[in-house]
Amino acid sequence: MEMMVHGRRDEQYGGLRLGLGLGLSLGVAGGAADDEQPPPRRGAAPPPQQQLCGWNGGGLFSSSSSDHRGRSAMMACHDVIEMPFLRGIDVNRAPAAETTTTTARGPSCSEEDEEPGASSPNSTLSSLSGKRGAPSAATAAAAAASDDEDSGGGSRKKLRLSKDQAAVLEDTFKEHNTLNPKQKAALARQLNLKPRQVEVWFQNRRARTKLKQTEVDCELLKRCCETLTDENRRLHRELQELRALKLATAAAAPHHLYGARVPPPTTLTMCPSCERVASAATTTRNNSGAAPARPVPTRPWPPAAAQRSSA
């Protein structure tokens, strides 16, 4: 048994790697045709008429039906020797360590059986996929970390001011709503802030002030608009009343005093020249009425005798 394993190992690591091993199986009950039968697979029960024998260097030994452990080892060795293409390549195992172990002490068939199981194609594929997936996971983690750093660095933190700092800034803003670089630097040193923070605070404060002023102007304009709307409605009502009164007066005026085409006195208009002539005539009439009346000469009445004689 040991000779068979050593022979297989020597041929495998000697460069041939033909998958050939030194083994001897004799059939006691069978003939030459039985010897040409393929070796049994792992886990398959051997025929009851056949007995497997191995060479241990000193002579032949036969495995009885009770020696199940030896028969299992022999079948495992045959499987490993004659079917090397079913084994997978274990990329996680260094060949130097395997060579050292082989030269120091030849492994048994049970160890040889466990190693191919450990390095099966499934395990090889899983190990390869794990190795390929590890860099991608590491890359994803690094990208997430860089994104977090970028987002953290790009996001601005809100400035938290104390009551004293806010009061000083408000007083300064009431005096000057804008600051030159020297005033900005001095105020930043006084408040233990950065000049950029002071500048941003003043910008926000000016924006809030402008917004409040805009709201106030909007309210004022809204009130003015409402007032003008009410005044316009009142004027419309008065105009309607005057038109109704005019129509009523024109309907009640006597038509025999005025011609059909003569408008009523309330709507009579005169040109400037006629107006001057009318005013001059009125003035002359007033002056003549104010002058003293002339005395009218009268004759004395005749005596009564003359009147009687004539009669």
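Cβ coordinates are placed from backbone N, Cα and C, and glycine is handled just like the others.
A quick note: this is a predicted structure, and the numbers were derived from the prediction, not measured.
Looking just at the DNA-binding region (154-213), the mean pLDDT is 87. Feature annotation from Swiss-Prot assigns DNA-binding region to 154-213; the stated evidence is sequence analysis.
Taken from Swiss-Prot, the feature compositional bias 'Low complexity' applies to 119-145.
The compositional bias 'Polar residues' feature in Swiss-Prot is assigned to 280-289.
According to Swiss-Prot, the feature compositional bias 'Pro residues' maps to 294-303.
Annotation comment: Swiss-Prot describes 29-69 (among others) as region 'Disordered'.
According to Swiss-Prot, the feature region 'Disordered' maps to 97-160 (among others).
What Swiss-Prot records for 212-256 is region 'Leucine-zipper'.
Annotation comment: Swiss-Prot describes 279-311 (among others) as region 'Disordered'.
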DSSP-assigned states of the DNA-binding region (154-213) in counts, ordered helix, strand, coil: 44 helix, 0 strand, 16 coil
